[in-house]
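Asks: The following block contains the structure, expressed as structure tokens.
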Amino acid sequence: MDTTFAILILLIFVAVVFLLEGAFLTWNSYKGPEASRIERRLQAMSAGAHHGEAMQLMKERLLSDSKMIQRVLLAFPRVHKLDRILVQSGLKLNVGVFLGFSLALGLAAFIASRFFPLPLLLSLLIALAGACIPWMIVMNARHKRLVQFEAQLPDALDLMCRALRSGHALPQSLKMIGDEMSDPIAGEFRIAFDEVNYGFSMQEALMNLATRIPSTDLRYMVIAVLIQRETGGNLAELLGNISALIRARLKLYGTIRVLSAEGKLSAWILTLLPFAVGGVIQLINPGFLKVLWEDPSGFMMVALIGCMMIAGIFWMRQIIKIKV
């Protein structure tokens, strides 16, 4: 019990530190000297700053606004992959703020679980589930943004076709997408156009675009454009064919979603039914399920059932998941 109390005090201290730092960094991002420095740099860029300085500024993205946390995060090998996922989600978060939210929610879930007569291991699992909530939010936002991007891509390719047929250059067609379409595709193509303006080659700008957006359709478009620039040909006709192919794939994907809707509904019912029944039993007879938490055999039974449910959820997900 003393060890548990010490761990709890340590987690509370760390969470308070992260919350205070998050509040300070939020204020600093709007009112601090860093905001003024960024404003001066943007003004210098718009006035025609030095070429190397502009390119370096475009590559700069901090993992945290705190230099100490920045150095700590750089020691982890996969932190840049996490940062890329945060960028793809479109949320205004860096790695430091994301980890701070995860730690705070995990600590809050652990403290809430200690008000109930639950084993320490189960409380730690609840804390882990709470810490995973920001990750699930980020992945959900990332998925929605990628789906929206792919839905906008055929219209963007049609706009590029019309621009090329009317005599505009390829970089200018990227700018037209950024000006006339909505986010998220407008922002990404606007970044690609800005990179070309700041001295990147068209190949580098398109490859960076494909890196920021992990879409198979976009990669096909990028590869087709790069091959056409090497071999020649009618780029407008090529982009039109890719647009028609993407539209056909999206139509097929919609048909498959409709056909698999019943299987998804069954999977959700089978997943939520045990929890719903357990909640009803707990309301009707609160002491009926107490043996599952107090008796070691009951706890082992709950752990075994949980593992079997996770395996079943994974299996049902693989059955109803159809790639197009």
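Glycine residues also receive a Cβ, built from the backbone N, Cα and C atoms like all the rest.
So TrEMBL has the following annotated:
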type	residues	note
TRANSMEM	6-27	transmembrane segment
TRANSMEM	91-112	transmembrane segment
TRANSMEM	118-138	transmembrane segment
DOMAIN	157-281	domain 'Type II secretion system protein GspF'
TRANSMEM	265-284	transmembrane segment
TRANSMEM	296-316	transmembrane segment
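Mind running through what each feature is packed against?
Replies: Same-chain residues lying 6 or more positions outside the transmembrane segment (118-138) and placing a CB less than 8 Å from one of its CB atoms are 4, 85-86, 89, 91, 93, 98, 101-103, 105-110, 112, 293, 299.
In terms of DSSP secondary structure, the domain 'Type II secretion system protein GspF' (157-281) contains 106 helix, 0 strand, 19 coil.
Below 8 angstroms of C-beta separation, residues 119, 122, 263, 266-267, 270-271, 274 of the same chain, each at least six residues beyond the ends of the transmembrane segment (296-316), sit close to that stretch.
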